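J.: The ATP binding site annotation in Swiss-Prot covers Gly10, Ala11, Gly12, Lys13, Gly14, Thr15, Arg127, Thr136, Tyr137, Gln199. Swiss-Prot lists Thr31, Arg36, Asp57, Leu58, Val59, Gly85, Phe86, Pro87, Arg88, Gln92, Arg160, Arg171 with the feature AMP binding site. If you look up Swiss-Prot, you'll see Cys130, Cys133, Cys150, Asp153 marked as Zn(2+) binding site, on the strength of sequence analysis. Summarising the annotation, Swiss-Prot assigns region 'NMP' to 30-59 and lists sequence analysis as the type of evidence. Among the features that Swiss-Prot reports, region 'LID' is placed at 126-163.
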Amino acid sequence: MKLVLMGLPGAGKGTQAEQIVEKYNIPHISTGDMFRAAMKNNTELGRKAKSFMDNGDLVPDEVTNGIVRERLSEDDAKDGFLLDGFPRTVEQAQELENILSDLGTELDAVINIDVEKDVLMKRLTGRWICRTCGKTYHEIYNPPKVAGKCDLDGGELYQRDDDKKETVEKRLNVNMKQTKPLLDFYSEKGKLHNINGEQDIKDVFVDVEKILTSF
């Protein structure tokens, strides 16, 4: 089965990806892994990607699409794969269709782990870290016994800038704006399956399996 997995930060996409690839024995192909492999193997596209990244620039679609094409042409992806982090735009989605068409196949499904913004905010802004020992807590899922203090050494808990409300909200807004056209694109193609990501992790995977067993 050929799948694309989508979901905003905090939706639990990584957990579902692990379960899907383990149960269905397909490779988990993430954008980061593809770039790292291409650079490690010193491919022409890998060298191009590295030059852009070293300069702090975004890797252009031409290079990204080429790396995706190379990865999906490998033997382990012939019977299926789980794409994660690609495509990010409608243009990339259209190129993915071209790549798969050239390989004589097509996507089976796009799975979107759907979670409301306010729930994502609670998940993403709840992390606190002990200044002394580095132990991590979460206001909802793993709170300290005494607010603001580490259970182990009584150290002060602090919040990283990345976990602060303003930063998280900005990141989510950018992601939501980028993701909507892509969701619309796959919905019009009849490929999109929205999964309620606010359920228990096990129940989310039950819903994912219902989709995957319908092929």
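Cβ coordinates come from backbone N, Cα and C, glycine included.
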J.: What are the DSSP helix, strand and coil residue counts for the region 'LID' (126-163)?
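T.: Residue counts for the region 'LID' (126-163) by secondary structure: 3 helix, 12 strand, 23 coil.
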J.: With Tyr137 (ATP binding site) as the reference Cα, tell me which of the binding-site residues Thr31, Phe86, Arg160 is the closest one.
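T.: The answer is Arg160.
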J.: Which one is closest to Gly14 (ATP binding site) in space, judged by CA to CA distance, out of the binding-site residues Thr31, Val59, Cys133, Asp153?
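T.: Ranked by Cα distance from Gly14 (ATP binding site), first place goes to Thr31.
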J.: What is the nearest of the binding-site residues Gly12, Thr31, Phe86 to Asp153 (Zn(2+) binding site), using the Cα of each?
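T.: That would be Gly12, nearest by Cα distance.
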J.: Go through the chain and flag residues at least 6 beyond the ends of the region 'NMP' (30-59) whose CB is under 8 A from any CB in it; none is fine as an answer.
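T.: For the region 'NMP' (30-59), the far contacts come to 66-68, 70-71, 84-86.
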J.: Using C-alpha atoms, which one of the binding-site residues Gly10, Val59, Phe86, Arg88 comes nearest to Cys130 (Zn(2+) binding site)?
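T.: When the Cα distances are compared, Gly10 comes out closest.
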J.: Let me know the most crowded of the binding-site residues, choosing from Arg127, Arg160 and counting other Cβ atoms within 10 Å.
T.: Arg127
J.: Can you count the other CB atoms that lie within 10 A of the CB of Gly12 (ATP binding site)?
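T.: Total other Cβ atoms inside 10 Å, all chains included: 20.
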J.: Looking at the binding-site residues Val59, Cys130, Cys133, Cys150, which one has the fewest other Cβ atoms within 10 Å of its own Cβ?
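T.: Counting other Cβ atoms within 10 Å of each of the binding-site residues Val59, Cys130, Cys133, Cys150 gives the minimum at Cys133.
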J.: Which of these binding-site residues is closest to Phe86 (AMP binding site) if you go by CA atoms: Gly10, Arg127, Cys150?
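T.: Considering only the listed binding-site residues, the nearest one is Gly10.
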J.: In DSSP terms, helix, strand or coil for Val59 (AMP binding site)?
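T.: Assignment for Val59 (AMP binding site) reads coil.
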J.: What mean pLDDT does the predicted model reach across the region 'NMP' (30-59)?
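T.: That region's mean pLDDT is 91.
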J.: Identify, in sequence order, the residues in the chain of Arg88 (AMP binding site) that are 6 or more apart from it along the sequence and have a CB within less than 8 Å of its CB; answer 'none' if there are none.
T.: Gln178, Leu182
J.: Out of the binding-site residues listed (Gly10, Gly12, Arg127, Cys133, Cys150), which are within 10 Å of Arg160 (AMP binding site), Cα to Cα?
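T.: So the list reads Arg127.
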